[in-house]
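J.: For reference, the structure I am asking about is given below.
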Ligand code: GLN
């Protein structure tokens, strides 16, 4: 059975571990290169992508993660994790020393950070994910504003408002899955189950 890891540098990695545990799937925290080598698949949690970027580079994990993704390792990113899996960030954070936020990449898409507004604009919304209707929580959520031909759209916003209609909030490219929203904070395990199936070659 594939051994799933959760990148545990920053953000709500504990909620992802709990969701996987509820599904009876052993998952381990990944904070070092050694721990990365022990896993077959990686979940990248929500949090703050510029911090995950900075810490992963400080810990020497960014390059090995990029290499594993390029080598076909299944990965799932939620919210900040979606940003980390994007090949391009429309509005990257720029730190005081002028360094531009980077991502691991892997999914041929451009994401816009905080595309639905600020923390106070966080919202819950029901949407379709692969034939299932589920509750999705958006917290300073990104949006895929452009996708390449190899990217499959799994969920879009339907009729929350005309301005938001059709916005892309879940995508898949090969073994890589990304959602703008946070399934780990609701009771729903549908997306984690989908990712588990994907790691087994069943999705
Ligand atoms: N806006 C955050 C970022 O840019 C993501 C927020 C989240 O993960 N809830 O990383």
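Cβ coordinates are placed from backbone N, Cα and C, and glycine is handled just like the others.
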J.: For the L-glutamine site that TrEMBL lists with 47, 48, 49, 139, 140, give the additional residue from the candidates 113, 167, 172.
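T.: Record check against TrEMBL: L-glutamine site with 47, 48, 49, 139, 140, extra candidate from 113, 167, 172 is 113.
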J.: Considering only the active-site residues 79, 182, 184, which residue has the minimal Cα-Cα separation from residue 47 (L-glutamine binding site)?
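T.: The answer is 79.
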J.: Among the recorded positions 113, 182, point out the residue whose Cβ has the most other Cβ atoms within 10 Å, with all shown protein chains included in the count.
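T.: Going through 113, 182 one by one, the largest Cβ count within 10 Å is at 182.
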J.: Non-local Cβ contacts of residue 140 (L-glutamine binding site) (under 8 Å, 6 or more apart, same chain)?
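T.: In sequence order, 79, 113, 114, 116, 117, 118, 119, 121, 122 meet the Cβ cut-off.
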J.: With the Cβ atom as the reference point and anything under 6 Å counting, tell me which of the recorded positions (47, 48, 139, 184) are near ligand 1.
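T.: 47, 48, 139, by Cβ distance under 6 Å.
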